[in-house]
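Report on the structure given below.
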Amino acid sequence: MTPPREEVVLLAEDGAPIGTADKATVHSESTPLHLAFSCHLFDGDGRILVTRRALGKATWPGVWTNSFCGHPALGESLEEAIARRAHEELGTSVDALALALALPDFRYRAVDATGVVEHEMCPVYTATIAWELRPSADEVAEWEWADPRALLSSVAATPWAFSPWLTLQLPALYAASGDQPSGQL
């Protein structure tokens, strides 16, 4: 059986939806602006979950990144998409009530080593979870709970080892937190 076609929501420059495109073909050298999300998970000790993208990923394979990210389907809320991707990517649950919208206006454009462009309007969420992780090997090569300040230092020292969206999001999350020493940035 053929898996269902996954589509992304295309956006105008002002963020208004203007259509959809097949996810398998939309990421190219001229990727249009589309809707996505990022989610940063924390444990009860205030550590942040970072994941290393599986080597089979089309863009930025093998780099360390945020806990998980994805694209909502047309008509799917960001919160519903986050719950879906938490299960698909990490084998865990994220309670919609535990989600906090941390960076509502985050947007970026980046080009990977193969020339493929990411061009996303990408609200950033955080959540604290207490559930076990069972990551999908198709999505995640490795994962680690990290001290937020140590991660921020690592990203600053070796940005090439991390996804471009993490290198942009993490300092913004840290700044928005009021420089909290632990817990959710």
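Numbering starts at 1 and runs along the chain as displayed.
Just so you know, glycine gets a Cβ as well, placed from its N, Cα and C.
Around His34 (Mn(2+) binding site), taking its Cβ as the centre, 25 other Cβ atoms fall within 10 Å, counting all chains. DSSP assigns His34 (Mn(2+) binding site) to a strand. The Mn(2+) binding site feature in Swiss-Prot is assigned to His27, His34, His71, Glu118, Glu120.
Here Swiss-Prot flags 32-168 as domain 'Nudix hydrolase'. Model confidence over the domain 'Nudix hydrolase' (32-168) stands at 95, taken as the mean pLDDT rounded to a whole number.
The Cβ of Cys69 (Mg(2+) binding site) has 25 other Cβ atoms within 10 Å, all protein chains considered. According to Swiss-Prot, the feature Mg(2+) binding site maps to Cys69, Glu89, an assignment based on sequence analysis.
For Cys69 (among others), the entry in Swiss-Prot reads active site.
Classification of Glu120 (Mn(2+) binding site) by DSSP places it within a strand. Positions annotated as active site by Swiss-Prot: Glu120 (among others).
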Glu89 (Mg(2+) binding site) versus Glu118 (Mn(2+) binding site) - Cα distance in angstrom: 19
Cα-to-Cα gap, Cys69 (Mg(2+) binding site) vs Glu120 (Mn(2+) binding site), nearest whole Å: 11
